[in-house]
Amino acid sequence: MSDGNERNQDGNNTPSQGGEQTRSSRLSLRPAGRQEVGRTVDAGSVRQSFSHGRSKVVQVEVRKPKRNAAGPGAGAAARGGRAGGRALTAAELAARQRALELQRKAAAEEAARREEEKIQIMSAAEAARRAAEEERLISEQKAAEIAALKESEQQAAREQAAAEAAARAAEQAAAEAAAREAEEAARSAPLDPRSHSTGGVQLAAPVQRLRPLAERAIMPPRPVQPSRPAAAAPARNNETLHLRSGAAAGGDDERRPAPRRSGPGAPPAPPRRPSAPSRKGGGSDRRSGRIDVRAAIEGDDDKTRSLASVRRQRDRERRQAELERLRSDQVRVVRDVIVPETITVAELANRMAARQGEVIKALMKMGVMATAAQSIDGDTAELVVEEFGHRIKRVSESDVEIGIEGVEDNADDLKPRAPVVTVMGHVDHGKTSLLDALRTTDVAASEAGGITQHIGAYQITAPSGKKITFIDTPGHEAFTSMRARGASVTDIVVLVVAADDGVMPQTIEAIKHAKAANAPIIVAINKIDKPGANPNRVRQELLNHEIVVEEMGGDTQDVEVSALKRIGLDKLEECILLQSEMLDLKANPDRVAEGVVIESRLDRGRGPVAALLVQKGTLRRGDIVVAGAEWGRVRAVLDDRGRQVKEAGPSMPVEVLGLTGVPGAGEPFVVVENDARAREISEFRQRKIKEKEAASQVAARGTLDQMLARIQAGVQKEVALLIKADVQGSAEAISTTVQKLAHEEVAVRVLNASVGQITESDIQLAKASDAIIVAFNVRATTQARELAQREGVDIRYYSIIYQVADDVEQLVKGKVAPKHREKFLGYAEVRQVFNITKTGKVAGCYVTEGLVKRGCGVRLLRDNVVIHEGELSQLKRFKDDVKEVARGYECGLSFAGYNDLREGDMVECYEMEVIPA
């Protein structure tokens with residue numbers, strides 16, 4: 001066989017009687033456990049051939065289908081048992097049932113396989129149908145494109161035919177003009193017509209067309225003969241210039257278009273096909289069978305190209321020319337290149353449409369070595385742009401803030417607004433109590449220690465119906481920045497002075513802030529109900545600070561009030577409203593909101609909360625606000641009593657929720673048009689803040705390094721603090737206060753001052769820096785508290801600011817090294833020197849002044865010059881050790897490690913005492 005398998009002869013000669021016996025016998029159990037239902041088996045062997053001459057003999061079986069026995073007896077015999085009539089045993093019955101079960105399973109598997117093949121065939125048919133449908137759609141699309149292309153070519157052919165008709169009309173007009181000129185020439189100089197014969201000279205087609213006109217103009221009229229035109233036609237045909245082999249059969253068709261021939265005898269003109277315009281003028285005449293001398297001389301016999309091909313060629317040439325023009329050094333495209341303060345070399349090359357290598361080469365010529373990823377400053381980039389011949393446009397990063405404040409308001413749009421009044425004065429002079437009396441609230445009771453430590457804004461309605469906005473500022477000396485912020489946003493300053501206390505340091509500071517803000521002052525002399533109150537003393541003390549009240553001939557209003565007894569409150573409101581009318585306060589409510597951040601904090605449940613004072617426009621819920629370096633969409637607007645409002649007009653203090661972070665107190669806020677603008681401005685301001693911090697760190701690095709070196713050397717110590725407060729203003733005030741407590745030997749370093757709860761990251765920072773956490777009106781989270789206990793970090797909670805200052809001062813004093821001072825004890829004169837074997841030299845001395853103590857410091861003076869300074873090792877009187885020897889007594893002295901003693905030397909005794917810091 002060709003496949004390498006050979007049938008053994010023994011397998012071919014297998015007797016068939018075994019098969020007949022199998023067909024006649026019934027189902028039986030084989031020893032191997034394999035069941036066969038009446039099939040004959042032909043056994044044999046096959047030799048398989050492999051590569052490299054190898055072969056192998058394997059045994060094979062050929063199964064043949066069983067032949068069904070005819071008649072009912074066969075089935076009965078199969079059901080009833082063997083031929084002998086013996087009943088089936090249980091094992092045979094079980095084997096038969098298993099065989100039947102296997103057959104059913106095989107049939108079910110075969111049916112499932114056929115069903116799966118059917119599904120696969122149907123899926124393949126569906127895929128083929130879809131592919132055919134897609135091919136049909138593609139072919140239809142291509143046919144539509146071909147039809148559109150043919151239509152465009154036909155349109156071009158029609159346009160070409162129209163152009164040819166126009167050219168023929170122009171040619172005919174030129175011929176008529178030439179005929180008129182020839183007629184005029186003939187009239188002026190008549191000649192013999194026979195002398196004008198061509199004489200065998202072949203003329204061009206335009207000349208032949210003009211010849212009949214010239215002959216009629218020159219020769220006299222003759223009687224018309226019927227046979228002359230037919231005879232003249234061959235003559236004219238013989239005189240025509242033939243340049244192509246098929247031109248003789250054309251006759252006048254070469255000179256005149258075919259449609260002019262008409263009549264029953266004229267042969268039908270062949271249908272004209274639209275021809276594409278040729279690259280030269282004679283292409284269409286060559287197609288129609290006519291030609292002029294110019295085309296014949298040029299000899300343009302090339303095949304005509306299609307319009308699409310010509311258009312593509314022209315586009316390629318135009319693009320190539322433009323590319324060559326751009327690449328050439330002589331022609332450059334001048335661009336407007338926008339250059340910021342800093343730009344990378346790659347970005348600069350991209351904006352100039354130049355190669356990065358060329359830009360780097362230009363920088364190298366300028367002495368600047370830079371890679372494509374490095375940044376260069378704007379001045380260097382400007383030189384590069386000018387070197388490349390472009391126009392530069394310098395921009396700054398701060399340009400993102402251009403136009404953020406809007407335009408100036410029109411005077412017609414301004415409307416009266418409520419005055420903003422800031423209450424200032426010394427601590428415990430009753431500022432908050434006065435505001436509580438005006439608002440009929442009790443804010444002072446909620447403040448820790450009875451002093452104001454937050455800046456608050458409130459709005460009240462006077463009995464006249466007009467509104468007044470009050471800003472309460474702290475009076476403690478630590479809150480200087482808060483008072484400055486309050487004075488900067490105010491219209492009127494109410495200076496509260498206690499009648500029993502007079503002008504105090506913070507009162508003077510408040511006067512300076514008010515004058516710096518150029519705000520009018522109204523003096524409120526409070527606590528007039530207390531015994532010992534003297535308002536006139538207050539007025540006189542104010543004269544020392546250039547505050548002259550009206551009672552003393554000045555222009556500053558003063559009101560005597562009592563917040564506790566509610567005396568003079570209505571008069572104070574009248575003075576405020578009168579002053580606001582004099583100032584003529586107005587604002588435009590119909591514009592985007594602008595204002596200032598009064599205070600800010602981080603609330604655990606609500607997130608960043610900012611107290612805003614609207615100065616212009618109207619702030620609404622949903623506006624996008626940029627406050628300092630933070631931005632966000634306003635989610636809620638709350639008034640001073642915690643009620644939600646939809647909008648806030650000018651001079652209205654509100655709290656807003658929805659900012660991404662805690663803005664700085666005193667920062668301006670403004671409403672912008674979209675999120676992208678707000679995010680851009682916020683990122684720019686945050687970047688500026690980081691750059692400023694980095695610059696300050698670099699500037700202070702030398703001092704800081706020196707301080708750390710002194711700390712490591714033990715010369716200087718430090719107190720590291722991490723401040724966490726409830727509001728931004730308190731954090732600033734505490735940071736400023738503790739830094740003023742630094743000692744020349746102990747430095748106070750504030751690692752961070754922020755708002756919000758104490759978190760695990762704060763504990764880790766304090767642990768790494770060995771710092772103490774100062775918590776002002778905030779608490780630590782559960783996880784942070786557990787971590788602090790494990791790490792041993794000290795967290796100190798405060799609610800009053802002067803307690804913070806006192807504790808930090810004690811910490812600083814505890815780290816200050818105690819000072820030592822020398823205390824003089826007395827003098828002793830050396831009168832005799834004894835040499836003791838074990839002890840060395842011992843000086844016998846007489847105490848001339850003071851006393852001598854054992855273990856004190858001594859100086860040995862010889863001729864009033866100190867020759868030794870050390871300690872006294874032994875002090876004896878006779879042979880007994882004593883603690884001290886007074887004046888007028890003799891004693892024996894020995895010095896530790898020194899024996900150069902002489903008679904007449906003086907011993908000065910002293911001791912060091914510790915002075916607490």
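Keep in mind that glycine also has a Cβ here, set from the backbone N, Cα and C atoms.
Copied from Swiss-Prot, the annotated features are:
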- 425-432, 472-476, 526-529: GTP binding site (BINDING)
- 10-27: compositional bias 'Polar residues' (COMPBIAS)
- 69-84: compositional bias 'Low complexity' (COMPBIAS)
- 154-177: compositional bias 'Low complexity' (COMPBIAS)
- 227-236: compositional bias 'Low complexity' (COMPBIAS)
- 265-274: compositional bias 'Pro residues' (COMPBIAS)
- 282-305: compositional bias 'Basic and acidic residues' (COMPBIAS)
- 416-586: domain 'tr-type G' (DOMAIN)
- 1-84: region 'Disordered' (REGION)
- 150-318: region 'Disordered' (REGION)
- 450-454: region 'G2' (REGION)
- 472-475: region 'G3' (REGION)
Over the region 'G2' (450-454), work out the mean pLDDT and round it to an integer. 45
Among Gly425, Asp428, the most crowded of the binding-site residues [Cβ within 10 Å]: Gly425
Can you tell me how the residues of the compositional bias 'Low complexity' (154-177) break down into helix, strand and coil by DSSP? 24 helix, 0 strand, 0 coil
Gly425 (GTP binding site) falls, by three-state DSSP, under strand
Three-state secondary structure of Thr473 (GTP binding site) from DSSP? coil
